[in-house]
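Q: Dropping the structure in here first, questions after.
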Amino acid sequence: MEKIVLLLAIVSLVKSDQICIGYHANNSTEQVDTIMEKNVTVTHAQDILEKTHNGKLCDLDGVKPLILRDCSVAGWLLGNPMCDEFLNVPEWSYIVEKANPANDLCYPGNFNDYEELKHLLSRINHFEKIQIIPKSSWSDHEASSGVSSACPYQGRSSFFRNVVWLIKKDSTYPTIKRSYNNTNQEDLLVLWGIHHPNDAAEQTRLYQNPTTYISVGTSTLNQRLVPKIATRSKVNGQSGRIEFFWTILKPNDAINFESNGNFIAPEYAYKIVKKGDSAIMKSELGYGNCNTKCQTPIGAINSSMPFHNIHPLTIGECPKYVKSSRLVLATGLRNSPQRERRRKKRGLFGAIAGFIEGGWQGMVDGWYGYHHSNEQGSGYAADKESTQKAIDGVTNKVNSIIDKMNTQFEAVGREFNNLERRIENLNKKMEDGFLDVWTYNAELLVLMENERTLDFHDSNVKNLYDKVRLQLRDNAKELGNGCFEFYHRCDNECMESVRNGTYDYPQYSEEARLKREEISGVKLESIGTYQILSIYSTVASSLALAIMVAGLSLWMCSNGSLQCR
């Protein structure tokens, strides 16, 4: 008995060598969401949603925007006298127009297919203005008298700079027949108009002829216009109206004009010298003297993140727009420091290293690794190979998400005239619906990728554990907490061989077998002793019980409580 007690004491005092498999932990409080859980604390995370801008209008890749200030696109193209600063403009990256610019059509009227023209401008980066019909060439008509107080310049009546309002001369208005052949290599934007007088008296006063027309023709256009004489309310002091038209004249095509009155003739046209990605943005901002790769109406974005929630309308190399308020991608592991002793929940993908109850804050040079203890001491060592593979996989995750979302829906900010409000409302609903779906897809993708990332790390820890288990086999005992207890002495060289996969099982198998047998013998001898003590205890207890029963019976017989024969 004394031998057994002494052996057990010796065994308990000699601590076996151990190696444990674990993972990195730190003091991070960053949290991500997954398919299965919300607010999961992780060691590392990356915010992939840009939420900030600089509140300025900037150059786009070094090219200035065309900021029209108080002028509209129509005021710029026709040449409103208050927009003279834009008579000749350099190349632009995008066009900025206020929501309600003051200098629009100074003479009241409308611009036919104006929204379509704006859409065309969203694919143009530079105009070159050229003269196609000189003002001085109208010898049979008054080319300088067509002015209005509605379009003042320096306190005097004026008119749009790029067109000519032709009036009768010497009480006659000869029929006009003019042509222009586009000999340029570029397309040409040509503008003209028709004047609608207030009454018949104004018609004859300006054009002499009571019944007039305007005919315009190209290889693709066949237009005949007649003035609409009607009494109207005054706008800008005018009861008349001017309606403007435009067309794109292809190279080697000709445009032909014929009219006997009410003609607003083109003097200048715009040669489209550079096409490319542009946009017309509605913004009240001023020029910020800055440069960017991505511009929105409310400010520039300088970000390498794949998503943003700033504004759906953008131009340039921009992140994808979503309506989300938070998109955080897990790039590290579940952060469960060992002191918390908190088991991880099972995920949706991959193997789970749930048998390891916490991470190691002492292991700082890798995501997964080992902790050993032997006679030479103890320490941490990262598994560089599995860590590097994991880093490579996670590093490509953002690019993977971008690739999966590379069919970005673009809200182009189309404009509609007053007759197309139902179409505009339908378009807005469709765009909102697309953006809702796009946002849902982005959020779902991030949730699934986070789930995969965390379970990917769990799987890597489990694989590392299995790698050690398959090497050690019965030379060590699994303790159930990610650790192995060796049945032999394992110095630092031995520990390193386990870590790098070169552990020599036969070298240590004999020592391990003897240790196992020694432990088994102690257990068996202990079990035998316990059996003898158990039998002795049982017999002694039974004998004592019998004596007590006999004594009780004799006492009862002596006092007559029990009849004895």
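Keep in mind that glycine also has a Cβ here, set from the backbone N, Cα and C atoms.
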Q: In Swiss-Prot, CYS106 is disulphide-linked to which residue out of CYS20, CYS58, CYS151?
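A: When Swiss-Prot is consulted, CYS106 turns out to be bridged to CYS151.
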Q: Whole-number Å distance between the CA of ASN302 (N-linked glycosylation site) and the CA of ASN27 (N-linked glycosylation site)?
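A: Their Cα atoms are separated by 30 Å.
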Q: I'd like to confirm something. Which of the recorded positions, ASN181, CYS290, ASN500, has a Cα closest to the Cα of CYS490 (disulfide bond)?
A: ASN500
Q: Relative to the Cα of CYS71 (disulfide bond), which of the recorded positions ASN39, CYS106, CYS494 has the closest Cα?
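A: Its closest listed neighbour, by Cα, is CYS106.
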Q: Of ASN27, ASN39, CYS151, CYS294, which recorded positions are close to CYS58 (disulfide bond), meaning a Cα within 10 Å of its Cα?
A: CYS294
Q: How far is it from CYS318 (disulfide bond) to ASN27 (N-linked glycosylation site), counting Cα to Cα, in Å?
A: 34
